[in-house]
Amino acid sequence: MNRTLKRVLGLAGSAVLGLAGAVTFASAAQAHHVEITGYSECTDDGWTVTWEATDWNSQNLGAGVVTALSAELEGDLQVGASLPHPSTGEVITGTQTLSLDQATAELKIDAEWPNGQEGSGTGVVSQPEGGCEAPEEPTPEVEAGGYSDCFGVFVYGDNYNPEALAEFTFDPSNGDAVSYTPEVDEGAWEYFLLDDPETGLTVDILVDGELYTTIEWVDNPLCHYVTAEADCDGLNFTISVPEDGEETTFYFYTSYDESETVEVVAPGESKTITVPAQNNEEFSVFYWVETQKDSVYGEVPWTPCPPEETPSESPSPKPELPKTGSSLSIMIGSAAALIVAAGVIFFLMRRRRAAQDW
């Protein structure tokens with residue numbers, strides 16, 4: 001039952017119980033007694049009764065004064081308090097706090113009047129209809145997942161309940177597991193590099209020690225659309241699309257400026273892109289390969305040729321990067337940059353998710 005509805009029903013039902021108890025227990029005296037009404041309400045860790053008390057409908061006897069209470073209360077209803085006459089419309093109140101294992105609450109109030117007479121009143125109130133329930137322990141609210149790119153597996157974990165933070169463990173098939181307990185809106189992520197395409201790579205994501213999901217590396221065909229060669233002047237890229245492929249867009253960016261090179265390649269075609277070095281300084285080229293259905297990204301670093309120690313009559317061979325279909329060996333040699341790039345993409349993904357939720 002809805003807790004709010006339960007509390008409303010409890011107020012109505014308990015008021016009747018409290019009033020009935022006061023009248024029943026006071027009926028024997030028929031005079032010099034205390035009128036009591038109680039209202040019960042569930043709380044987060046128990047329940048409370050708000051007791052209201054007035055004098056009996058006496059005639060010109062003066063107000064009765066409370067001399068004893070059978071339970072500890074908070075509020076104005078205390079020993080020494082004067083009982084208001086019913087005709088004033090006023091009451092004095094006190095709140096009694098009870099635990100969940102107490103099904104009923106009982107209060108006896110003793111009072112004395114100016115004429116020396118003594119009397120009392122007793123009220124009995126039950127928990128609201130249906131009873132009160134213990135609060136549910138907070139449980140973690142999480143999101144975790146990941147994806148495979150050309151060179152490894154990226155995984156992430158997010159906490160959404162600040163009262164119950166979960167621990168995320170990322171356990172790769174080719175190395176040691178790492179664990180994080182991120183704060184809400186902080187997030188945790190890791191990027192695991194592929195050692196060997198033949199053996200593959202999987203990463204288990206555990207939440208508080210229980211397997212949540214597994215992300216597996218997949219050899220995306222788009223990874224084979226780019227190859228790179230290095231010489232002493234810079235980097236040369238060959239971009240191609242197989243005849244059975246679809247029109248593909250290639251984006252290239254360099255680490256030394258903000259320029260963008262965009263090439264669209266039709267199925268069965270190839271193009272060459274040359275990126276020259278500047279001032280013979282190290283740099284990297286970042287690329288993004290995109291079709292209507294999928295996309296991959298990567299980075300290729302370039303380092304200057306070593307200076308020649310002695311003149312040579314014959315030209316020195318130019319250093320070349322291996323002509324692999326995916327430039328995988330190039331990328332693994334740039335692990336730190338890959339991890340940084342993965343982190344940037346992670347935060348962009350989180351921002352995109354936040355915008356969608358909004």
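Yeah, the Cβs are placed from backbone N, Cα and C, and that goes for glycine too.
Taken from TrEMBL, the feature compositional bias 'Pro residues' covers 303-319.
According to TrEMBL, the domain 'Gram-positive cocci surface proteins LPxTG' annotation covers 315-353.
DSSP labels the residues of the region 'Disordered' (113-143) in these numbers: 0 helix, 11 strand, 20 coil. The feature region 'Disordered' is assigned by TrEMBL to 113-143 (among others).
The annotation region 'Disordered' is assigned in TrEMBL to 299-324 (among others).
Annotation comment: TrEMBL describes 1-28 as signal peptide.
Positions annotated as transmembrane segment by TrEMBL: 328-349.
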For the domain 'Gram-positive cocci surface proteins LPxTG' (315-353), would you mind checking the mean pLDDT of the predicted model? 42
